[in-house]
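Asker: Have a look at this one.
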Amino acid sequence: MAEKKLRQKMNERAASERKKDFKEVPLGYTPEQAIAEAKRCIQCKKPLCVKGCPVEINIPAFIKVIAEGSFDKAAKKIKETNALPAICGRVCPQEEQCERECILAVKGEPIAIGNLERFVADYERETSNPKLQTSKQPKTSKSKKIAVIGSGPAGLTCAGNLARLGHQVTIFESLHVTGGVLTYGIPEFRLPKAIVNLEVEYIKSLGVEVKTDMLIGNVFTIEELLKDYQGVFIGSGAGLPKFMKIPGENLDGVYSANEYLFRINMMKAWQFPESLTPIKIGKRVAVVGGGNVAMDAARVSLRLGAEEVFLIYRRTKDEMPARKEEVHHAEDEGVVFKSLALPLEYQEDGNGWVKLARCQQMKLGEPDASGRQRPVPIEREIFDIPVDTVVCAIGNSPNPLVPQRTPNLKTEKWGGVIITEDGATSIAGVYAGGDIVRGAATVISAMGDGKRAAKAIHKLLA
Amino acid sequence: MPKILKKEKLAENISRIIVDAPHIARVAKPGNFIVIIPTANAERIPLTIADADVEKGTISIIFQVVGGTTRLLDSLKVGDEIPHLLGPLGTPSHIEKFGTVVVIGGGVGIAEIYPVVKALKAVGNKVITIIGARCENLLIYKKELGEQSTKLRVTTDDGSCGRQGFVSDELKDIIAAEKVDLVIAVGPVPMMRVCCEVTRPHKIKTVVSLNPIMLDATGMCGVCRVTVGGQTKFACVEGPEFDGHEVDFADLVARLKPYKDMEKKALDHVCKLVEKLRG
Ligand SMILES: Cc1cc2nc3c(=O)[nH]c(=O)nc-3n(C[C@H](O)[C@H](O)[C@H](O)COP(=O)(O)OP(=O)(O)OC[C@H]3O[C@@H](n4cnc5c(N)ncnc54)[C@H](O)[C@@H]3O)c2cc1C
Ligand SMILES: Cc1cc2nc3c(=O)[nH]c(=O)nc-3n(C[C@H](O)[C@H](O)[C@H](O)COP(=O)(O)OP(=O)(O)OC[C@H]3O[C@@H](n4cnc5c(N)ncnc54)[C@H](O)[C@@H]3O)c2cc1C
Ligand code: SF4
Ligand code: SF4
Ligand code: FES
């Protein structure tokens, strides 16, 4: 058995430096670090880590070859099951997935599986011939035409898998840029857009056709698509922003996180006026919520010149659904956590602009059905935070447009499309996966869904 | 990429372009709009589909140059390709036989009512159209709307064409003279607001087309939220048409103004850019 060694820490740029720009925060492992970390893995016969990965990457196998210094082989091994390792290594909530199950977590620190995955993917990208190797499958009589709605991780994965099986795939994306949340939601300093673009180019190199500016439901209905395509996959995501329905939410200076991040990531509002889309980030910004979206909004605000950023969350830091790493990053960079607080209303400055957030002080009470302690108000403890910008990041619901325009598509009350185990919807030949099915979830679960649906579609059409 | 097939100047700062976009023309309905990004780095801006020709696969768009992005759009020429054009968007106008309908267009709103007038007339309504502008030079589509409407009324602020006054003056007279079943008003916010006040005491349903700031225009950002009947609605998906008697216009006006100062900067920047391009 390998002797007990500490988990390799990834180097990061100092908070004081990084909070001024949009360059990536973690710097990645060096080859020496990667090998040292890989050597900590005890190569379990029954690896529990694999069970924790929604796409069941053969984790011990790829780690073994890293330990031997064969990074290219490791990349190949991962890509057998996961087409987007450079993305997953960066954004997966590993502490709730593969790394939580790792046997070493019982007594010490789990293997840094995500960091290793990221290292391998980056190594491959940086050392390989930049010209993409196309591995287009020849079209055969068995090739079918398949339409994929949405170019987020679910759609991209489904399309890539079907193309590799020899099918003719067209992705319809309503926005002007591909990538879904990977592009418009997650900021550059967490997921460089060059990486997302490369993955999209790779999928295109497999023969997938991508049509942007195509809002399915309006341009074509699903019924119409089924006349030209033998199969349809819906990966339209959860992009409908929730609001709290409290007074003052429509004041100027109050943004949904989607609007805020869309202006910045997608429309490059920080380059105004070279880029013509404006944004106004005040001196004191309040971000409401405790998930990845809230962390991103808060950290973006600091980078764009806010002097103080408050994160208002109704439970405590321990209950925040965001990745632990992002919570730490936000804290290091100086985001002020106002835990156990719930906004009651926003007040204006007399000119229609928000000037303060009135909040209710909360405490943790009895556990609710999910086992988490329920936040309950402490009577009469109400406080004000003076702010000039508010970003509401309390979650997103499934995009309602496709279900609304597709009468036979069965959905849950909360809007999620209902699917069977292999991803089939209530309409023959139509599959769905990712956030449109789960509500706001994760990149890797969306990819898992896309992959599973591709398999099922292939089988159905064979 | 969608190509500009034709371009005309209709009035000072108002242009019409005809764009090759068969997939949009095929399904466009009166009241639908598009989002356009005329050049890289421009904003995504919403513009109404002023007409669609299914056979030719074209749509026409009429726009007024008011800021940076419309200025850039106006710098495009016949043959140029538009990088991004998304549509049709929004909920189409409700078209049925109502009886007598007064359709009002103010400013560039005149272009926006054209497909609505045409459709209402086609299903057998008596359509009285009122159009208004500051002066005759800014009146567009007079001939086209005259051909489509049962009656056409014209007002100008300075009296250079038609009646001197506002579209609402004309609306008052029509309501006094005959039974009106529906009013549709499209134009600047103050105009729509006044029209709603004219019809409110008479309990005549009045539909307005709201123009809040939009971004994605597919229901994903919420910047277009408006208050209608005390409820928040996303105008890009649930609108842009709403019952004017329920609309909170003060809220709309406030939500249109946050970037006023930046819009000027954007326009200056674009003007310099366009001049440079001209050399
Ligand atoms: C700010 C932010 C940060 C996040 N951080 C993380 C993280 O760190 N780790 C993690 O695992 N997850 C994170 N998530 C969640 C993760 O991004 C999503 O779970 C994932 O992207 C879902 O993938 P998807 O393919 O189902 O949908 P999306 O990525 O939402 O893609 C859907 C695509 O479909 C398009 N579309 C929608 N409707 C139509 C239509 N009618 N016609 C055509 N196209 C349409 C949309 O424009 C979009 O491009 C984050 C989310 C956000 C918003
Ligand atoms: C559903 C919809 C349909 C529209 N149809 C048309 C149309 O057919 N023809 C047309 O000329 N315009 C139309 N508009 C208005 C058009 O979108 C704006 O004029 C455009 O966005 C201005 O962009 P800009 O960058 O050139 O100017 P900006 O710099 O954004 O704005 C310059 C000035 O225009 C005002 N403005 C900004 N946005 C709007 C808006 N949405 N509505 C009204 N004024 C605005 C600003 O307050 C400012 O004073 C429509 C708007 C909506 C929401
Ligand atoms: S894809 Fe995500 S869950 Fe799976 S091994 Fe990689 S980091 Fe872990
Ligand atoms: S559970 Fe941990 S130690 Fe075991 S194989 Fe997986 S990563 Fe290695
Ligand atoms: S413009 Fe974004 S939701 Fe309407």
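Each Cβ is built from the backbone N, Cα and C atoms, and glycine gets one as well.
Nobody curates TrEMBL annotations by hand; they come from automatic prediction.
What TrEMBL lists as domain 'FAD-binding FR-type' is B:1-95. The FAD binding site annotation in TrEMBL covers B:Ile62, B:Phe63, B:Gln64. Taken from TrEMBL, the feature [2Fe-2S] cluster binding site covers B:Cys221, B:Cys224, B:Cys236.
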Asker: DSSP says what for the domain 'FAD-binding FR-type' (B:1-95): how many helix, strand, coil residues?
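Answerer: Split into helix, strand and coil, the domain 'FAD-binding FR-type' (B:1-95) gives 11 helix, 44 strand, 40 coil.
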Asker: Measure from the Cβ of B:Cys221 ([2Fe-2S] cluster binding site) and count the other Cβ atoms within 10 Å, all protein chains considered.
Answerer: 28
Asker: Sorted by position, what residues of the same chain at least six away from B:Ile62 (FAD binding site) have a C-beta under 8 A from it?
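Answerer: Listed in sequence order: B:Leu10, B:Ile14, B:Ser15, B:Arg16, B:Leu47, B:Thr48, B:Ala50, B:Val108, B:Ala111, B:Glu112, B:Ile140, B:Tyr141.
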Asker: Counting every protein chain present, what is the number of Cβ atoms, excluding its own, within 10 Å of the Cβ of B:Gln64 (FAD binding site)?
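Answerer: Counting Cβ neighbours of B:Gln64 (FAD binding site) within 10 Å gives 20.
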Asker: Taking 8 Å from the centroid of the Cβ atoms of B:Cys221, B:Cys224, B:Cys236 as the cut-off, which other residues in that chain fall inside it around the [2Fe-2S] cluster site?
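Answerer: Along the chain, the qualifying residues are B:Pro212, B:Met214, B:Leu215, B:Asp216, B:Ala217, B:Thr218, B:Gly219, B:Met220, B:Gly222, B:Val223, B:Arg225, B:Phe234, B:Ala235, B:Val237.
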Asker: With every protein chain in view, what's the tally of Cβ atoms within 10 Å of the Cβ of B:Cys224 ([2Fe-2S] cluster binding site), excluding that atom itself?
Answerer: 26
Asker: Taking ligand 2 as the reference, state which of the binding-site residues B:Cys221, B:Cys224, B:Cys236 have a Cβ closer than 6 Å to one of its atoms.
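Answerer: List returned for ligand 2: none.
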Asker: Go through the binding-site residues B:Phe63, B:Gln64, B:Cys221 and pull out the ones with a Cβ less than 6 angstroms from some atom of ligand 1.
Answerer: none
Asker: Around ligand 5, within a Cβ distance of under 6 Å, which of the binding-site residues B:Ile62, B:Phe63, B:Cys224 show up?
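Answerer: Going through B:Ile62, B:Phe63, B:Cys224 in sequence order, those close to ligand 5 turn out to be B:Cys224.
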Asker: Under DSSP, is B:Cys224 ([2Fe-2S] cluster binding site) helix, strand or coil?
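Answerer: The residue in question, B:Cys224 ([2Fe-2S] cluster binding site), is coil (DSSP, three-state).
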Asker: Same-chain residues six or more away whose CB lies under 8 A from the CB of B:Cys236 ([2Fe-2S] cluster binding site)?
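Answerer: In sequence order, B:Pro46, B:Leu89, B:Gly90, B:Met214, B:Asp216, B:Ala217, B:Thr218, B:Gly219, B:Cys224 meet the Cβ cut-off.
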Asker: Are there binding-site residues in B:Gln64, B:Cys221, B:Cys224 whose CB lies under 8 Å from a CB of chain A, and which ones?
Answerer: B:Cys221
Asker: If I take the alpha carbons of B:Gln64 (FAD binding site) and B:Cys221 ([2Fe-2S] cluster binding site), what is the distance between them in whole Å?
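Answerer: Rounded to the nearest whole number, the Cα-Cα distance is 25 Å.
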Asker: For B:Phe63 (FAD binding site) and B:Cys221 ([2Fe-2S] cluster binding site), determine the Cα separation and express it in whole Å.
Answerer: 24
Asker: Cβ within 8 Å of the FAD site centroid (B:Ile62, B:Phe63, B:Gln64 excluded): which residues?
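Answerer: Not counting the recorded site residues, we get B:Leu10, B:Ile14, B:Ser15, B:Arg16, B:Leu47, B:Ile61, B:Val65, B:Thr70, B:Val108, B:Ala111.
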Asker: Tell me, how many other CB atoms lie within 10 A of the CB of B:Phe63 (FAD binding site), whichever protein chain they belong to?
Answerer: 23
